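Data block below; observations after.
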Amino acid sequence: MALNIRKTHPLLKIVNQTLIDLPAPSNISVWWNFGSLLGLCLIIQIVTGLFLAMHYTADISLAFSSVVHICRDVNYGWLIRNIHANGASLFFVCIYFHIARGLYYGSYLYKETWNIGVILLFLLMATAFVGYVLPWGQMSFWGATVITNLLSAFPYVGDVLVQWIWGGFSVDNATLTRFFAFHFLLPFLITALMIIHVLFLHETGSNNPMGLNSDMDKISFHPYFSYKDALGFLTLLILLGVLALFLPNLLGEAENFIPANPLVTPPHIKPEWYFLFAYAILRSIPNKLGGVLALLFSILILMLVPFLHTSKQRSSTFRPLTQIFFWTLVTNMLILTWIGGQPVEQPFILIGQIASISYFSLFLIALPLAGWWENKILNLN
């Protein structure tokens, strides 16, 4: 019998073990689609970003005009820009669903995979932030000024750190140039880390909705999950098409259609919608350094989750109390997102502070206590 080339060729063998003959649990649901959707989002963003970079000029006197030029004069430039801008939003939708799936089904117990995932989230947020500055509109400029200025809260080194990032004494040409360099570079770093993320996942195999060992019931990735992923791809592409073609500015900020003016501050400085929850946590603390640390810990807390797991069961499927707290956390995130887009006045300040305390309390107190109590009532200890 002739040897199968996909199982013997050094390169094809890797592809085969990752995408074709990979043993996958037979009961993984649609929530396991988001990993591959994130891969698709990354490819879309790199391809559209590359074409945008061919026509973009990273100079404060030309950046805004070059984006206008892309939309008006470049063949399908408007479409490429709309796909890139809305693709970023869908990227965050997918990553938040992906993280929520991991929290609900206990996937965080694969510690290496989970921690690399958290680093990937940080890198994605950094990429989106520096990318938002590039069109050099009002919100680009003032968003960059406000967020980078937060680093000045760190004692002793703060002011030097801010000037080092700015490349001067204010957000200026040097800042835009380096942000463009970072925005071009970081997606490739994300790609490398994504490969390591998948590598670590395949050391253990996928988790499943029941949180049980599925070694006795595995099926091959192709054709079962390759077709299932293809359906997910189609859904995502339709959604992206609808957004880019019919509602391209739905998730954007109208203020960013005004060229950056250092002399005029916008009435409400706020980031893109996918950062609003973290921005609300930042604003809920009156102290500058405290706010910055809360902002950092709002993401870093995900790294603590594996160590706060007290339940004898992995998944939340059969744990009603944990489910209640999980959905409370989801609702809390939505409230924080809403508050992040509101002006700093009552009652929004108080709601934001309550939601911020709830956010950390759910992770650090409620969920570990729920796991411990469920062990007690089920006599699992």
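For all residues, glycine too, the Cβ spot is worked out from N, Cα and C.
Annotation comment: Swiss-Prot describes 34-54, 78-99, 114-134, 179-199, 227-247, 289-309, 321-341, 348-368 as transmembrane segment, evidence class similarity to another entry. Here Swiss-Prot flags H84, H183 as heme b b562 binding site. According to Swiss-Prot, the heme b b566 binding site annotation covers H98, H197, on the basis of similarity to another entry. The feature ubiquinone binding site is assigned by Swiss-Prot to H202.
Projection of Swiss-Prot feature records onto the structure.
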| residue | record | DSSP class |
| --- | --- | --- |
| H84 | heme b b562 binding site | helix |
| H98 | heme b b566 binding site | helix |
| H183 | heme b b562 binding site | helix |
| H197 | heme b b566 binding site | helix |
| H202 | ubiquinone binding site | helix |
Tertiary contacts of the transmembrane segment (114-134), as residues 6+ beyond its ends and Cβ separation under 8 Å: 56, 58, 63, 67, 88, 91-92, 95, 98-99, 102, 107-108, 140-141, 143-144, 147, 175-176, 179-180, 182-183, 186-187, 189-190, 193-194, 196-197, 200, 271-272, 274-275, 299-300, 302-303, 305-306
Candidate nearest H98 (heme b b566 binding site) in space, where candidates are the binding-site residues H84, H183, H202 and distance is Cα-Cα: H202
Candidate with sparsest Cβ neighbourhood (10 Å radius) among H98, H202, the listed binding-site residues: H202
Cβ neighbour count within 10 Å of H197 (heme b b566 binding site): 21
Spatial neighbours, same chain, of H84 (heme b b562 binding site) - Cβ under 8 Å, 6+ residues apart: Q45, T48, G49, L52
Intrachain neighbours beyond the transmembrane segment (179-199), with Cβ under 8 angstroms and 6 or more residues off its ends: 18, 38-39, 42, 45-46, 49, 53, 56, 58, 113, 116-117, 119-120, 123-124, 126-127, 130-131, 133-134, 144
Spatial neighbours, same chain, of H183 (heme b b562 binding site) - Cβ under 8 Å, 6+ residues apart: G49, T127, V130, G131, L134
